[in-house]
Amino acid sequence: MAGNSIGQLFRVTTFGESHGIALGCIVDGVPPNMALSEADIQPDLDRRKPGTSRYTTPRREDDEVQILSGVFEGKTTGTSIGMIIKNGDQRSKDYGDIMDKFRPGHADYTYQQKYGIRDYRGGGRSSARETAMRVAAGAIAKKYLREQFGVEVRGFLSQIGDVKIAPQNISEIDWAQVNDNPFFCPDQSAVEKFDELIRQLKKDGDSIGAKLTVVAENVPVGLGEPVFDRLDADLAHALMGINAVKAVEIGDGFAVVEQRGTQHRDEMTPQGFLSNHAGGILGGISTGQPIIATIALKPTSSITVPGRTVNLNNEPVELITKGRHDPCVGIRAVPIAEAMTAIVLLDHLLRHRAQCGLK
């Protein structure tokens, strides 16, 4: 199975399955002499891990990361950093009913058709549980970006179902508020509506989609490698690689269809840009403005409402998904999206520094 790595100079490779012994990753390209320990990584994992609130899956996992290599006496050595997270709260028996059935809307069918075999326990490799290691690697990238370049990568949930937050001025977002509620939401009035919606969904045994935004501030000018490794292209690639993501927007995204050139162009003065419709990227290269990316996540198909599907013999069957699942996968996707953004930014920063130097 290919496709387990991302990045060139800062390269992340993950391995492991939802109900396997452990998850792991190898991170290559971390510059030497950066102070690093598990304590630097754990906070982001705690934001993503299951069972932290009544709005997410009740599966309980400590998600305690262990650094295996690449750190000596509290500092990175420049060699590969290996990390693992052991799986604990496994209830594989919940998935016995789908051993020979395909869950609608999941990767069961495509994995079986491609490989002729699949780990049906919680989706195996296709489970969002794998993203724990992306968050671990992303925490390293975020730390280096913050300490060496002052770059901050943060995200917030902007919509669940038809409930939208109030329009946000990026420079005025209260990030303390975002981290102080289980929805990663900057709008307290929307938090209350999110709460009501999720409660109803759990009663109905149903799920819902979501939209979230990632903001990277203080990004240096010049990151991106036109024409095929444009910064926005690589960000879209990384964010689309997150489970359940069905759309990515950079800057104003699809809204540009209704804009005129006089409105959309980000005019400039000696003091800087007058707007940021482009989302901090022009010609595939960072402008120095905040980089803004928004992703849409589909509603999970793991619901208790009966649905039609087929089995391995292509016979029609009815399926009720058992196990423990999120009514809205977008809630826990915020730290994942932050991690993928940070991984791409650090990779491009190292590539830019290698070719052009940093001014």
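Here the Cβ of each residue, glycine as well, is placed from N, Cα and C on the backbone.
Owing to the predicted nature of the structure, the values given are computational and were not obtained by experimental measurement.
Feature annotations, courtesy of Swiss-Prot:
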| type | residues | note |
| --- | --- | --- |
| BINDING | ARG48, ARG54 | NADP(+) binding site |
| BINDING | ARG125, SER126, SER127, ASN243, ALA244, GLY283, LYS298, PRO299, THR300, SER301, SER302, ARG324 | FMN binding site |
Next on the checklist: Tell me which of the binding-site residues ARG48, ARG125, LYS298 sits in the most Cβ-dense spot, judged by other Cβ atoms within 10 Å.
Outcome noted: ARG48
Item to check | C-alpha spacing of ARG48 (NADP(+) binding site) relative to ALA244 (FMN binding site), in angstrom | outcome: 15
Checklist entry - Relative to the Cβ of THR300 (FMN binding site), which residues of the same chain, six or more apart in sequence, are found under 8 Å away? => result GLY105, SER207, ALA244, HIS325, ASP326, PRO327, CYS328, VAL329
Next on the checklist: What are the sequence-distant neighbours of SER127 (FMN binding site), meaning same chain, six or more residues apart, C-beta distance under 8 angstroms?
Outcome noted: GLU17, SER18, ASN243
